[in-house]
Amino acid sequence: MEFIHPILIKPFADMVSAPDFLVQVLWEGIVSGVLYALIALGFVLIFKSSRILNFAQGIMVVFAALTLVGLYERGVPAWLALPLTLGVMLVLAIGIERVVLRPLVNQPDIILFMATIGITMFLIGLGETIFGGENKRMITEELGIPTGNFIFEPFGGFVSIEQKDLTAVIGAVVLVVVLLLFLNKSKMGRAIRALGDDHQAALSVGISLSTIWVLVWFIAGIIALATGIVWGARAGVSFALEVIALKALPVLMLGGLESVSGAIIGGLMIGILEKVFEIYWGQPLLGGSTESWFAYVLALLVLLARPQGLFGEKIIERV
Amino acid sequence: MLYRVAGQFKTSYQADYALFPVRQDAWLLVFILLLAFVVFPMTANEFMFRAMLTPVLIYSLAALGLNILTGYAGQLSLGTGAFMGVGAYACYKLVTIFPEMNIVVAIFLSGFFSAAVGVAFGLPSLRIKGFYLAIATLAAQFFLVWLFQKWAWLYNYSASGAIQVPNIKLFGVTVAGAHATALTQYYFVLCVVCVVTFLAINLTRGRIGRIWKSVRDMDIAAELVGINLMKAKLTAFFVSSYIVGISGALFVFLWRGAAEAELFDIQLSFKVLFIAIIGGLGSIMGNFLGAILIVALPVLISFVPGLLGLPIGAAMVEHLNVMIIGMLIIGFLIVEPHGLARFWAMIREKLIIWPFPH
């Protein structure tokens, strides 16, 4: 029974003996979970309205952040760079709808998925051509985001919370609330949900497909910019972000592809669990960097129990 | 005119289901094989082999494996790169543990390791479908690459964490390692690819292939007519991962010469998926057309600025290349979502009825 001890007993003993460290780990998990949730939110919006699994969401995050930083570096003041970047995202949304989505209406899912990978490659190339491929610093202070630390001392220990992380979490909560209000209360939001339920029925009551698609991609662009700012503040702006954005896929699967709340809960779950697993099981037992696969394996296990994800719509199959 | 089928009568079902119902197809294949076996080796230089011909063949093989899973059996996979890695690492362990082993045997054996891993990660496909299944293969992708990095036994505890291909002789000729010539490697890869492709063609048009297609088109209906879904899906995962594993072994042993875990990351999976989709899902020939487009075209594009005399740096060329590939992919998907193979099928139809359009 030697091997059971480090797996089942020691990690929990560690957690109890150093609760302040556990709190720190949980906080780190929450912050990355919020970021996963934000990216997943962009996916869900587009998936709900057009059944497209938008692989380009990750690169849109990078592209938005790069545009913001790139504009600032070229002498545009920060307060102006922000709306300009939003403008760029709007142009991008219109362009994608015109050039890519419109000719591909009614194609199989996999083709549209591939097309979004094509968009990804195009945006990578474009971003590198215009702004260069090197890592950039996010203009955190210039945007008025505080950068200090809050220090807490619970249980006689020591927990440090960065103010920009706190800002990120608060900002994300505000964004999600606004988004939910928009989706559930506004006319446009209802149109988006109607399209998600049934394309043809929505078209027949006069909802414009192309307008809604542009709108949805633009909202996804706004979310991408928000994600890019908070993530860039933590890790700098570079194309490495794109790989991290892939994590949104297990988040989505875990929460269910159609569910906004599922994306948020899934994101938080994965963010927290993968941190805890990495610290208490991964590093001592498996040699570390388990964060690269933990989310996927977790999502896989959940899917085996619930094939539609935790909050997804029940899959009904007919012959 | 060239494809005139008038006069080619079929008097038995066997003749109708033959590999080449139209005689000209056979001639075309002979012509292509002649190009591959005789003309290219006589005309191409070292760079052509290393940068274009060999990689095109290896990527075609990987895409062929993926196509059997995604195009024929309808199970989306995003973990091809990792399965190639399993084949490569298995082959490396085999040749280092048994140095006397024939390289051909080692390569074909290493396919079984990746097939076993593929079946293990294919098990969830019995319960999870569509995009949700992609997560199972993504889990395989990230977990396996992590394993390649952390499990030092796999790369024989070398300090760099990379696997280095030793010099291996086959019938007195060095085929793998630093001393091998590009020409021998090309011939080796070409022979393996021809054999596997031939087997795959016959597998996909036979009983198993039809079972796969019925599962792809509607799995519930397939189950209702008495097809064992579990068997069908798992054989697809087995065959697909086997071929992908072989291509991974070739990828490292006959082309790259050395590899580290990052080589098999998700970008490789996407590249192979692109080849399969651009070439045409559910087509064998499409894999080759797709590989030519995705592998060889970027090499050609990178020469264009030099030929035109434009002063563009190497990094910029790389960036523009990525951008152009992205645009090409979108363009091809819009023009012909069913891939280059469908394109060829349409041209062939036109040729058959030419010059009378009706």
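Cβ atoms are placed via backbone N, Cα and C, with glycine included.
TrEMBL annotations: computationally assigned, not manually curated.
Some features that TrEMBL has for this protein:
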TRANSMEM  A:25-45  transmembrane segment
TRANSMEM  A:52-72  transmembrane segment
TRANSMEM  A:78-101  transmembrane segment
TRANSMEM  A:110-131  transmembrane segment
TRANSMEM  A:166-184  transmembrane segment
TRANSMEM  A:205-231  transmembrane segment
TRANSMEM  A:251-273  transmembrane segment
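Remote same-chain partners of the transmembrane segment (A:78-101), defined as residues 6 or more beyond its termini with a Cβ less than 8 Å from a stretch Cβ, comprise 50, 52, 60, 63-64, 67-68, 71-72, 112, 115, 118-119, 139, 142-143, 210, 213-215, 217-218, 220-222, 224-225. With respect to Cβ pairs under 8 Å, the transmembrane segment (A:205-231) is most closely packed against A:52-72, considering the stretches A:25-45, A:52-72, A:110-131, A:166-184, A:251-273. Same-chain residues lying 6+ beyond the ends of the transmembrane segment (A:52-72) with a Cβ under 8 Å from its Cβ atoms: 39, 42-43, 46, 78, 80-82, 84-85, 88-89, 92, 101, 109, 112-113, 116-117, 119-120, 123-124, 126-127, 130-131, 136-139, 142, 220-221, 224-225, 227-229, 231-232, 237-239, 241-246, 248, 257.
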